[in-house]
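Copied over from TrEMBL:
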- 19-30: compositional bias 'Basic and acidic residues' (COMPBIAS)
- 49-70: compositional bias 'Acidic residues' (COMPBIAS)
- 123-138: compositional bias 'Basic and acidic residues' (COMPBIAS)
- 1-138: region 'Disordered' (REGION)
- 161-188: transmembrane segment (TRANSMEM)
- 217-235: transmembrane segment (TRANSMEM)
- 255-272: transmembrane segment (TRANSMEM)
- 284-302: transmembrane segment (TRANSMEM)
- 308-333: transmembrane segment (TRANSMEM)
- 354-375: transmembrane segment (TRANSMEM)
- 427-449: transmembrane segment (TRANSMEM)
Amino acid sequence: MANRFGNLHIDPVQSANGHESDSSDSSHDSEMDDDDDCSSESSNSSHGEEEDESESEEEVEEEPESDEEQEVRPPLSPTSAANRSLNILRKRVKASKKSMPPKQVQRIQEEERQKQQVAEIQSKQEKEPHHHAKESEKEAVVLLADQSSEVKRANFAVRTLWTLIMIGGFFACFAAGPLFVILLVVLVQGLVYKEVIYLANVPSREKKLPWSRTTNWYFLFSTNYFFYGESLIHYFQHVVFVDAFLLPLATHHRFISFTLYVIGFVFFVANLKKGHYRFQFSQFAWTHMTLLLVVCQSHFIINNIFEGLIWFFLPASLVITNDIWAYIFGFFFGKTPLIKLSPKKTVEGFVGGWIMTIVFGMLFATLFLQFPYMICPVKDLRASAFSGLTCDPNPVFVPVKHYLTPWMASLARHLGMRNNFVMIAPLQWHVIIMACFASLIAPFGGFFASGFKRAFKIKDFGHSIPGHGGITDRMDCQFLMGLFSYMYYQSFIRSSTLSVGSVLQTAIYNLNGPQQMELFDHMR
């Protein structure tokens with residue numbers, strides 16, 4: 001018996017193949033073939049000399065099945081045949097345990113476990129094609145142009161309604177004054193931060209980590225204090241440097257901001273919990289990444305507001321225009337997918353949105369030039385669209401005479417124009433570049449957000465806006481566009497002029513008390 005079971009080195013796949021091949025040549029019944037194949041496949045290949053001894057031993061056979069059961073039984077797959085051979089091996093081991101040495105029993109049990117693992121791997125491999133097929137069915141994307149007419153009408157109606165609501169609220173805040181526009185930006189920033197941080201807070205609640213949400217919101221507060229303080233000090237120097245209460249806060253603003261951050265840092269380190277270090281540090285990195293991508297960029301958007309409402313309204317309207325026209329062109333003509341990260345975006349919508357954004361950008365620029373409320377820098381947060389603001393306009397807003405070439409002048413006369421020149425403000429040239437960025441580059445902020453959502457297997461960041469998803473789904477392109485507008489304005493448009501605030505700041509920072517009094521006497 002020891003030699004008999006010592007030869008049972010059965011490979012599940014070989015056993016299955018041997019079962020199928022030998023059953024056609026054997027003259028015995030199917031049940032005896034199964035038993036003989038399980039032993040003869042391995043013994044013939046590696047233990048030919050011991051075959052005679054194994055045949056002389058008493059075999060443990062299964063109860064023969066009836067002819068009806070054999071006819072009904074379906075053909076065995078490689079995995080089921082392997083499992084069948086393992087069952088036979090278990091029965092033989094069980095029947096001969098008493099007469100076998102303990103070491104040999106242990107060796108056979110180990111071989112049995114290995115064969116069971118092989119059978120499980122084969123079973124998983126058989127199920128994998130079905131699993132991948134299901135995933136491909138789930139990931140099947142229907143383009144807007146290929147949807148049924150009822151679904152298209154319903155989606156179009158919901159999306160259009162809430163687009164109009166958002167545009168109406170945007171114009172209401174805009175007319176109310178720069179203070180309300182700034183509050184709108186801060187509100188949107190907080191909602192976006194909440195939606196992004198929520199993805200990280202879910203596992204924190206599951207792990208029951210203390211003060212996780214509190215730490216996130218504290219870092220948001222300290223970061224906002226630094227960035228918005230910098231903006232207020234820079235654009236309202238004539239106020240903060242002559243106020244007894246605001247002067248020390250403005251003078252030591254950066255040190256105060258650093259102290260606030262260090263407090264949050266120490267608080268985070270003090271709440272590190274054993275067994276969760278890696279997770280907590282990943283949360284720390286997650287929070288700072290969100291602050292960089294959301295809070296830092298919204299800070300530049302608010303700086304655009306202080307430079308003049310047009311530098312906030314024009315970039316935002318270009319992104320909204322591109323989004324609307326890209327949706328319309330993709331809705332009616334979209335057939336060619338643009339990028340895998342956002343499978344419903346089409347080449348037709350991308351190109352159509354680009355062309356229409358340039359056209360509407362030129363119209364917006366021409367219209368906004370007529371209103372001082374749009375082009376004047378913000379000096380009073382209490383101002384509104386009905387305050388009657390006036391200022392010396394930036395040269396970029398002043399139309400310049402451009403003479404037409406002879407053939408263009410001839411074409412203009414055929415179109416009814418009498419002059420051989422046109423008046424074009426430099427802003428109208430700049431808006432073409434901004435429209436191209438809003439159409440060709442800013443959408444990649446949306447693609448970035450799409451990849452982000454795919455990484456976390458979510459469709460939208462939230463459901464606060466029907467037909468649009470969450471706030472983040474609408475603002476993903478606006479942050480990148482706002483940052484570009486600030487950099488472009490500071491590099492190519494801003495005129496460097498000396499202001500009263502900058503003179504006061506220089507006097508306070510660089511002159512001592514007697515020197516300041518001397519300057520005051522001279523000015524008086």
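FYI, residue positions are counted from 1 along the chain as it appears here.
Placed from the backbone N, Cα and C atoms, the Cβ positions cover glycine too.
Automatic prediction, not curation, is the source of TrEMBL annotations.
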Statement: Contact count check, CB pairs under 8 angstroms to the transmembrane segment (255-272), set 161-188, 217-235, 284-302, 354-375, 427-449; argmax is 217-235
Field: Tertiary contacts of the transmembrane segment (354-375) (same chain, 6+ residues out, Cβ under 8 Å)
entry: 308-310, 313-314, 317-318, 321-322, 325, 329, 383, 385, 387, 389-391, 393-394, 397, 399, 425, 427-428, 431-432, 434-436, 438-440
- line: Within the same chain, the residues 6 or more beyond the ends of the transmembrane segment (161-188) and with Cβ under 8 Å of it are 224, 298, 301-302, 305-306, 309, 312-313, 316, 320, 324, 378, 381-387, 465-468, 471, 474-475
Statement: Contact count check, CB pairs under 8 angstroms to the transmembrane segment (308-333), set 217-235, 284-302, 427-449; argmax is 427-449
